[in-house]
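Sequence annotations record features per position, and here TrEMBL assigns signal peptide to B:1-22. TrEMBL lists B:63-84, B:93-114, B:120-139, B:146-170, B:190-214, B:235-265, B:277-295, B:307-327 with the feature transmembrane segment.
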Amino acid sequence: MSGLLLERLVAGRKGFRLPPLDLLVRPGEVVALIGPNGAGKTTLLKTLAGLLPPLQGQVARPGKAAYLSPPGSVAAGFSALHLTALGRAALRRWSPGLALADFEAARAALDRLDVGHLADRPFDRLSSGQQQLVLIARLFVQDAPICLLDEPLALLDPAHGQAVEAAVRALAAEGRMVIASTHHLPFAAQADRVVAIGPDWIDISAPARALGPDRIRALFGIEAPACPCCGQAVG
Amino acid sequence: MARLSAARTTAATFAIALFALAAAVAVMATGPLGVAPDQLAAALFGHGSPDAELALTLRGPRLLAAMTCGAALAGAGAGFQILFRNPLAAPDLLGVSSGAGLGAALALLLGAGAALVQGAAFAGGLATGAIALACAAMTRSGDGRLALILCGVVAGALAAAGLGLVVVVAEPYSQLPSITWWLLGSFTRATMAEALMAVIPAGIGAAILIWLGFRLDILSLGDEQAQSLGLPARPLRILALCAAALMTSAAVAVAGLVGWIGLLAPHAARLVVGEQAGRLLPAAMATGALFALLIDRLATAFGPAELPVGLLSAAVGAPAFLFLFVVSSRRS
């Protein structure tokens, strides 16, 4: 499988456009997307997902793309298990119901992320962190090699944050292409590459370079102390 | 919040449906021309006593119309509530009821017969729903649900204005009473042919909604989620809306404006079987059939002059809705 290929892609909405972007994301790769609020991270992710049309250029997707909105933005009164099993809906084109195999796959995915005990609880009653893990479990059962995660770590406590980070890396380890926007710089530091969106520039670099204090100053206008061992800004 | 397994929700739905059937048998056994259950069964298979056959011919269509109407309104209401993720969504969300009322009133004004009035109401309801859908399709808001609600309000308001005009123009002593009675809602006017004219479109709509099942759950998450899950959100939502509008039009055409069933029955069913569309729709339809049946029985309980079903359904439905809301809010 070839990767997700962006050629001179200009993402944007009415009255707002990002600089052109060339990028190839390979299967198994985690790309972190950083930049200040309003820089266009969500617009770019939605364009990659096909939810917004590109203003210019092209997106070549080697498979289906799934977009996951930030924690707390999905509301559903039914059970976490059912919500997870809905990830297989595209496989059940004309069927009046989901198959037993779908629920088995969903339960296995929930167990894998240690949220199996929440399977029968209504999704709305879970904490943001638990909800996020359930939604990532849904990505595991979904036939979508491209996973576009919009601030998957927002609102989460450190423990749930770690669990979600591990889950995101597990998605990639199975050969998916993962792009995740984040304000959590230690997560970006663990990514394979970092795409930084500034006011009028986009930069693609290795984390060590992208997260240096000078870059962070250019991006956010703040002074972040450099880590004494790796030289990266400490977020 | 109901936390029931699939097997138990299925059992609960069957229990409600059985209860509705039992209520239907009980209704047939009481009142004028009452038939005992065994006689009723014999008459259904064509070899009952003459009395039982007569009762079935005279009261059967009304019973069928009431249960169909209740089930259709409840199913459509449940469909709208799921699609719009709004507990106040009712079957007339797209202005369908007002449109059907306008169609019927126009037909009555022109002196049409019963079948034509029903046909005009059905067409009026579907046309108003189509106008609302078409207007919503012209907008470009991100998630189409708000546009649909607003366009439904607009289409319904236009139909209501037209209805008001018909009422003003109508001859006050001959035409107005029949229009007013039609609008207040009743199951009495249904013959077997008219009841079947409601059963068929309502059944088609119900079959579509039940087939949509888990897809409705996905649509309730919003368009972005639906597309991310690989579902064509817009065509599926339009299909669901058409099915719900078909059911509502069929119900209003045979019974007039019977409110609150479509709001109340899904909420009652939700307390028992939870929010999943595949479980909620059948349970809501069984509950709606039961509710309509009981309301219709109540309408005949106050002496020889029958009360309009539309009045009773609101008088009973509104407090019952409040009661359910209090119960469900305390449970959660």
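Cβ coordinates come from backbone N, Cα and C, glycine included.
Sequence-distant contacts of the signal peptide (B:1-22) (same chain, at least 6 residues past either end, Cβ-Cβ under 8 Å): 67, 269-274, 279, 282-283, 286-287, 289-290, 293, 331-332.
With a threshold of 8 Å between CB atoms, the same-chain residues lying at least 6 positions outside the transmembrane segment (B:146-170) that come near it are 84, 86, 92-99, 101-102, 105-106, 108-109, 124, 128-129, 131-133, 135-136, 139, 176, 179-180, 183, 241. At the 8 Å Cβ cutoff, the transmembrane segment (B:307-327) and the transmembrane segment (B:93-114) share fewer than 3 close pairs (sequence separation 6 or more) and do not count as touching.
Highest Cβ pair count under 8 Å relative to the transmembrane segment (B:277-295), across stretches B:63-84, B:93-114, B:235-265: B:63-84.
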